[in-house]
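As annotated by Swiss-Prot, Zn(2+) 1 binding site applies to Cys71, Cys73, Cys86, Cys89, with the evidence given as sequence analysis. Residues annotated as Mg(2+) binding site in Swiss-Prot: Asp462, Asp464, Asp466. The Zn(2+) 2 binding site annotation in Swiss-Prot covers Cys811, Cys885, Cys892, Cys895.
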Amino acid sequence: MNQEVMNLFNPQAPAQTFDSIRISIASPEKILSWSYGEIKKPETINYRTFKPERDGLFCARIFGPIKDYECLCGKYKRMKYKGIICEKCGVEVTLSRVRRERMGHIELAAPVAHIWFLKSLPSRIGTLLDMTLKDIERILYFENYIVTEPGLTSLKEHQLLSEEEYMIAVDEFGEDQFTALIGAEAIYELLASMELEKIAADLRVDLAETTSDLKQKKLMKRLKIVENFLESGNRPEWMIMKIVPVIPPDLRPLVPLDGGRFATSDLNDLYRRVINRNNRLKRLIELRAPGIIIRNEKRMLQEAVDALFDNGRRGRVITGANKRPLKSLSDMLKGKQGRFRQNLLGKRVDYSGRSVIVTGPELKLHQCGLPKKMALELFKPFIYARLDAKGYSSTVKQAKKLVEKERPEVWDILDEVIREHPVLLNRAPTLHRLGIQAFEPTLIEGKAIQLHPLVCTAFNADFDGDQMAVHVPLSLEAQLEARVLMMSTNNILHPANGAPIIVPSQDMVLGLYYLSIVAEKEPGEGMIFADMGELQHALENKVVTLHTKIKGRFKTVDAEGNPVLKIYDTTPGRMIMGELLPKNVNVPFDICNQEMTKKNISKMIDHVYRHCGQKETVIFCDRIMQLGFAHACRAGISFGKDDMVIPESKAKIVAETEALTTEYEQQYNDGLITQGEKYNKVVDAWGKATDKITEEMMARLKAVEFDPVTGRQKQMNSVYMMSHSGARGSVNQMRQLGGMRGLMAKPSGEIIETPIISNFKEGLTVNEYFNSTHGARKGLADTALKTANSGYLTRRLVDVAQDAIISEVDCGAEIGLTMQPIVDAGQIVASIGQRVLGRTALDPILHPVTGEVIVEAGRMIEEKDVEIIEKAGIQSIRIRSALTCETRNGVCAKCYGRDLARGTPVNQGEAVGVIAAQSIGEPGTQLTMRTFHLGGTAQVVDSSYLEASYEGTVKLRNRNVVRNSDGNLVVMGRNMAVLILDATGKERAVHRVTYGSRLFVDEGDTVKRGQRIAEWDPYTRPIMTEVEGYVEFEDLVDGLSVSETADESTGITKRVVIDWRSTPRGSDLKPAMVIKDKAGKILKLSKGGDARFLLSVESILSVEPGAHVKAGDVIARLPMESAKTKDITGGLPRVAELFEARRPKDHAIIAEIDGTVRFGRDYKNKRRIIIEPNDDTIEPVEYLIPKGKPFHLQDGDVIEKGEYILDGNPAPHDILAIKGVEALASYLVNEIQEVYRLQGVLINDKHIEVIVRQMLQKVEITESGDTGYIPGDHVDRIELEEINERLIEEGKKPGSGNPVLLGITKASLQTPSFISAASFQETTRVLTEAAVAGKMDTLQGLKENVIVGRLIPAGTGGMTNQIRRIATARDELIIDERRKTSGSAEANAMLVDMTNNAAE
């Protein structure tokens, strides 16, 4: 009540409405206009009275009163004197909170450079003056003079003079003949005297004339800054400060602690230093002190101001009393604890609580159990209001008492208040939007929150002590959003891949699986049941068991809703489950008449959701959960020692493998294979042995046994049931328990040759245990490190994609991407159907045989279409993609396609960028947290053969094969592929075969599925001859380019090419083998070059000089890297590397044109390769390749654009430049997907495409035309297109540019919004740049709006903003009408009125 009366006297000014925020450099006049007075003394408060000192840092006269409506001396108190200035102490009588907004200033006795513009790279002052930072610092810190006006002397303008040189010049020319200044005054003069228009014109002329790249870059940088100053209206001399602003005292408080000490903000210390030094300098100047003393004081003042703005940027960090660096103004903004991230983007929430969670299996999906104590505390305001309304209390105080005493009527009211008032539950870490969901609370006893088991997957929660936070949505709008958008019943599908996320797991799966098992020879086999009643009766009387094979009549409905009866071969367990299925024509009994593994249950729920809608699905899920729990409990499936079966054949397999390894050891001792080859073979052999033992073990576990007495089937192995159903445990874990643990990895990632032969059931020997500790510990260490890495990746992704919002329905783009199935090692890992589901077709999709239209252009591809597409065997489809979308701000709904979390076309306003970022980032954390589940056991990944994945006829593309001396077909081509065609001649599979592979089929052969097509040695790469003849060595000089290395352990020698460039004598050698005929003439290759084979470092020679070789024989081998284990460790950094668009370390070199390979003159230790184009209009392209890199092209080879000259991972920038956007997109999508696929994580392609779109938004200007840009500028792609359209209309010359790929960090920092960029990273740099350019932030993205405290322009906030815009436009129209009819005074009054309404 009192507050309301106060508000009458103290009306709040309506909040300003604004559409944009501008940042620029403050001029001295501006700083003075903010200030309420000058601070002259360094004192803070009086130590006895605790009142602020006059003219000090907390002065009440300048900043306002300490107590509301009370002057400092106490003469004026109370509201009635509001606005009076006390004549005794000079304090205005007003609210004390003005101390949070009133600023002061310090007038400096000498100008000081602003450290941000000086030291933040690139130095703005340096670039503008075209001087190096070192020189400027020399002037600023009083080491050198600078000549500003040489007059008629021999000195040059801007020449630096040391103290001595200055003295000599003064003696020589006289003091008034020239002007040389020192310190910040000098820089001030230089900046003030700059004529920016003239400089800009000169720079443009220079730019046009210069040819050197380096100079051009430098001129462009300078021109850019000059233009920034011209456009923004900033003056260069404002970068030198004569007045320092002082921030309001309540933002740098001084708090008395008990014991008479004070806690103070570091800023006060820093300000104190500035004031002290400034006052001392003033006094010294008044006293006319010697120049050297004044200079020293000026330098100290400069350092003090530097420390205030950015402590530690230059020189030593200034520390406080406790040796801790003081936090300067910059540090207040920077980093996780800075203003942006701590207070503006992350705020504390009232009306919230947290507690431990326990499982609530009897809850409905939309409910959660809330402890009464918590509910009472959280809903207090609502309870008070209700008590008041019902007349139980007349004041808040009374209501408070009632609630504190917990009177019975309070509990009744709590029940009323809580009814249908959703609360939000959140579990940290909130990695995706399903980490916060709304539930309806039900009151429970106890102190733990109850959580529905089905939502655990979404929260990634378990009940081993996890805690969750509860938040209460207060306003009606918030409650509405919570219910309609965030209710757990609305989040059935996973936003990352569109699969159900409300899926039973663990016990529930086990129970349902147990229900669906079929057993042989059970009692009552073959009985027929008419309905569920009969069946229940039979079950209760043990006539049949849950697993008996029976015939049952099942009741469903047809399309009209009439009941239909049908008889199925099934089991009673499955009938019980079928009872729960929603009655719908599209949900047949067959869907649960199968083994219910976790996969099948997920499919069933998905099917129900697609055909019966959300409500039915939710009811079905709840029922199926209860059924699962009940039967898991009934079944009593447990885990016993004897459930882990060790296969009898284990000893035999181990003995065989040990014999093999001994044989390899012998071969190595005889010198037939190298150390590396032996290692690879041993590791391979043990890997195969482990797999074999695992297979035998699984076969034993799976085996069905019968009881000899009753003849009934024995109970299945319970551990096998757990694993096979998907409830818990994997084959890998079972292998370690009952098979053999297998190979282990060292912390470096290499595999240890000796495996762990024991399993956990037998127990490990001491040595084995020691070997296994590596992996286990590395797993734990990795987990801790990677969680942070993955979180950082998510943060960068969110930042780059935050402004990708669905902003229109259709952009009308006529370009898109081509989708094809992804084939890996002959296996289809992602079918075309999976990839195009939920996307919009770009062109009509036609049936290849009948030619009828399956999907029209512009229609979304649904599940039913996918079935037809898969059956028809269509191999490539053009679809629309966010990547090629032409919407200006955001993405259009057509290009995006289906909203995966809803299963419908995406709505306008959906923040697809953030969803994409969360979908990619969330599993990153999952994966990293899951590295150690393998217990460090190694997985060897290397294939050495190729099997047909389909039946069909073989066709060889780019056929190039020869028969070698063993009579095998050997592949000689670099880009040869084996195609398998079906009966209609359609390609069913394409397999690339590597150079040197042995082929078992030839053109026209027919193959069966699983037949071997080719094999190769995965550990070495062969160098083969194409012609028959005699070998001769060239430049293979012992000790220089070739060394006989004797193996330490065997004494056998092998000849290896060594790095010949390390000695001066060998620098000109080109080690090679030549094939000659009998007469000693060098033979020619088919392509016309000589038969000379250049050898790289580490090649092992396989033939002796003079040996006779046939085509296809191996003359040398190059060892490959030994097999490393694959783990997401390679994964997360790999994903980050791809998103950051970094050039890989040894990146591939890609041919830019089609042509013929020629070898040029070598350059130092690089090999020069020239591609002569087939088209004479193009220039030849040169590449320099380090010698000693394994390089497989020969002189005269024909090469296609985009082929690899040097193997390795390609740099994404090269793909973009050479093959274009679509190839880049498919490369990035496939590479990133491969990492996730390896871990079994499904992410829809469109999420990755959205991020890649954000990385490809800029073009680099190559031809500026009349656009006003400078070549080399990065400009928004769509912005450039718009400017060009306008220029063409006006008949001017348009500009052109090449698309550039920016890494996600770079792209985030280059957003048009400086607020968003500053809150992301490198805050000082972003703000400095923005201030110089006088940037305007139009508040388009999400972050900017959160920071200024508005609704975000996405989702419901986007609609609200739109409505507000429409309303404002309407108001303006009405006012215009009024203006025309009546006077302007009335219209203005109306405008004020409307503004106030809007503000309220």
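Positions of Cβ are set from backbone N, Cα and C atoms, glycine also.
Since we're looking at a predicted model, the values are computed, not measured.
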Neighbouring C-beta atoms (10 Å sphere around the C-beta of Asp466 (Mg(2+) binding site)): 16
Least Cβ-crowded entry, counting other Cβ within 10 Å, from the binding-site residues listed as Cys71, Cys895: Cys71
Around the Cβ of Cys811 (Zn(2+) 2 binding site), the count of other Cβ atoms that are within 10 Å: 18
Secondary-structure category, per DSSP, in which Asp466 (Mg(2+) binding site) falls: coil
Binding-site residues (Cys73, Cys86, Cys89, Cys885), the one with most neighbouring Cβ atoms at 10 Å: Cys885
Residue from Cys86, Cys89, Cys892 whose C-alpha is spatially nearest that of Asp462 (Mg(2+) binding site), among the binding-site residues: Cys892
Three-class DSSP secondary structure - Cys811 (Zn(2+) 2 binding site): coil
For Cys892 (Zn(2+) 2 binding site), nearby residues of its own chain (Cβ under 8 Å, 6 or more apart in sequence): Ile806, Ser807, Glu808, Val809, Asp810, Cys811, Ala813, Cys885, Glu886
Top Cα neighbour of Cys71 (Zn(2+) 1 binding site) in the set of binding-site residues Asp464, Asp466, Cys895: Asp466
Rounded distance in angstrom between the Cα atoms of Cys895 (Zn(2+) 2 binding site) and Cys73 (Zn(2+) 1 binding site): 69
Greatest C-beta neighbour count within 10 angstroms, which of the binding-site residues Asp462, Asp464: Asp462
Near-site residues: Mg(2+), ref Asp462, Asp464, Asp466, CB cutoff 8 A to centroid: Ile357, Ala461, Phe463, Gly465
Among Cys73, Cys86, Cys89, which are recorded as binding-site residues, the nearest neighbour of Asp466 (Mg(2+) binding site) by Cα: Cys73
Integer Cα-Cα distance in angstrom, Cys89 (Zn(2+) 1 binding site) to Asp464 (Mg(2+) binding site): 64
DSSP-derived structure type at Cys895 (Zn(2+) 2 binding site), helix or strand or else coil: helix
